[in-house]
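K.L.:
So that we are looking at the same thing, I have put the structure below in structure tokens.
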Amino acid sequence: MRQRAVAARWFLLPMMIALAVVAGWPLARSIYFSFTDVTLNDLYGAEWVGFANYLQIRTLESGRVIYRGVLADPAWWNAVWNTVRFAFWSVLWETILGMIVALVLNAEFRGRGIVRAAILIPWAIPTIVSARMWSWMLNDQFGILNDLGMRLGLLSAPVAWTASPDTAMLAVLVVDIWKTTPFMALLILAGLQMIPRDIYEAARIDGVHPIKQFWAITLPLVRPALMVAIIFRVLDALRIFDLIYVLTPNSAATKTMSVLAQENLFQFNNFAEGSAQSTLLFLLIALFTIVYIWLGRVNFDAGDR
Amino acid sequence: MDATIDIWKVTKTTLFYLLVTAIVVIAIFPFYYAILTSFKSGTDLFRINYWPTSFSLANYQQVFTQGAFPRNLLNSVFVASVTVILALFLAVTASFALSRVRFRGRGILLMTILAVSMFPQIAVLAGLFEVIRFLGIYNTPWALIFSYTIFTLPFTVWVLTTFMRDLPVEIEEAAIVDGASPWVIITRVFMPLMWPALVTTGLLAFIAAWNEFLFALTFTVSNQTRTVPVAIALLSGGSQYEIPWGIIMAASVVVTVPLVVLVLIFQRKIVSGLTAGGVKG
């Protein structure tokens, strides 16, 4: 047994080194950069500036107070609001629709295999491809969805879904929900399939209404699986980049924290500020995860059985 | 009385199948419409049809002859394959240790691995850029293979650990009694049993690497080194108003069809792999 424990160390070593090099060290460096005046062209000449990239308060001789830094930047708070708004609505709808799809797939009916195969398609399509497919469907002049809406009398005039600030977020939400509801549905389905069928049998004999069965049996028993599925999705939604970058480029109505940080880092030559923004996003996600696991008593049981 | 019950039952069944149809149509339609568009050329492109009306391969021809798309396709295949092989190689031994050996700190290690897999990739972007510049692999496929390890490795370790943990103790016992070393146990006892799990995780990691965008956009800058998602995202015409939709759709179909075929073939495995990654509560 001792030999096994020693061998285990050696077996783990390559993986741990790899993770340290691609995750641990870069994370530490990114956080460090956020406290310096680093620029894209001069990564090694950086000097420590403390919290200046986050918030800098200066009082002028005239008595006016000037706030600078990410935390005083309206564009940043706009991105925070967009990210939170996006994460909330997308995960809410994905949960509701994912539950419906999972309940359908959990029923026995002819053609169930076809439905399961069909819902895997949005999941398999690369995000960039789905962004481009949908932006063609949502095109203001030649888009099929405007055509459909007009034919059905739902729209009186074509809408520039992705370009108009009023509808850009809606467009992003629709595409994201379309693409990720299948993942949610499959995770919930796995939870549903672990509920013993005899519970429903007993409830049916006792004459419990199906809707009450859902609230009293299905939901409490599927809750652990649901909690895990939701946190996976929230963490994914909070870091969203690709869909927004391609579907609604340069739209202030949808720009999220990841998009803003990437732009600052590599396009606008604000490397230090971009680092501060990515660090803040990391903190937000870490904080959310801790609170969620703590409050929800989520059980990621992997090691011990 | 019977009649009313029947009507209720029929309505219920009808509504159920309507829901089923809606789910299938919504899931499939965008891809169907992309295929439909990809076969249109010229002014046909701007006539809205719900059913196939024309069949032209012009867009596909352009995709493969103009620009660097074939090269991008090769880049994607290379990057995704090497990433997956590396991740599986590192993950097999690690997940053996994590699932079959008791040692102190195992729980914390597992949580760390899970945390890394849920990392916001933007949080390491600046630091990764520095490492990649330092290694001199900026704007090469190796930059992507290197950076993709951050999500493929934790994912494969996690899924393989779940899989190996569920194998019964008995399969190792005989080997342990015979005094076989852990390395022999992995290669002789576990590997033969693990092929299905390796295929599933490999496939899921391959899809993730194939679809990745943020790192590919940041760490490659020339047409020759880009992967397909970036190439498709950056495909544009002479001006903002001349987006070559036909070509974009053809390229999208080329990139997606292999994935859809793989997913449909390995349907069951993928579903079980995804839910194993999603943990049992």
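We number each residue from 1, going along the chain as drawn.
Including glycine, each Cβ sits where the backbone N, Cα and C put it.
TrEMBL labels come from automatic prediction, so no person has curated them.
Found this in TrEMBL, in case it helps:
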- B:15-35: transmembrane segment (TRANSMEM)
- B:73-266: domain 'ABC transmembrane type-1' (DOMAIN)
- B:73-96: transmembrane segment (TRANSMEM)
- B:108-129: transmembrane segment (TRANSMEM)
- B:141-164: transmembrane segment (TRANSMEM)
- B:185-210: transmembrane segment (TRANSMEM)
- B:243-266: transmembrane segment (TRANSMEM)
K.L.:
Give the one range among B:15-35, B:73-96, B:141-164 whose Cβ atoms make the most pairs under 8 Å with those of the transmembrane segment (B:108-129).
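P.N.:
Most Cβ pairs under 8 Å with the transmembrane segment (B:108-129) come from B:141-164.
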K.L.:
Would you kindly list the residues that approach the transmembrane segment (B:141-164) from elsewhere in its chain, counting only those six or more residues past its ends and only Cβ-Cβ distances under 8 Å?
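P.N.:
For the transmembrane segment (B:141-164), the list is 75, 78-79, 82-84, 86-88, 90-92, 94-96, 98-100, 110, 113-114, 116-117, 119, 121, 124, 128, 131-132, 135, 190, 194, 197-198, 200-202, 204-205, 208-209, 212, 215-216, 219-220, 225, 227, 273, 276-277, 279.
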K.L.:
Hey, which bits of the same chain come close to the transmembrane segment (B:15-35), Cβ under 8 Å, at least six residues off its ends?
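P.N.:
Sequence-distant neighbours of the transmembrane segment (B:15-35): 249, 252-253, 256, 260.
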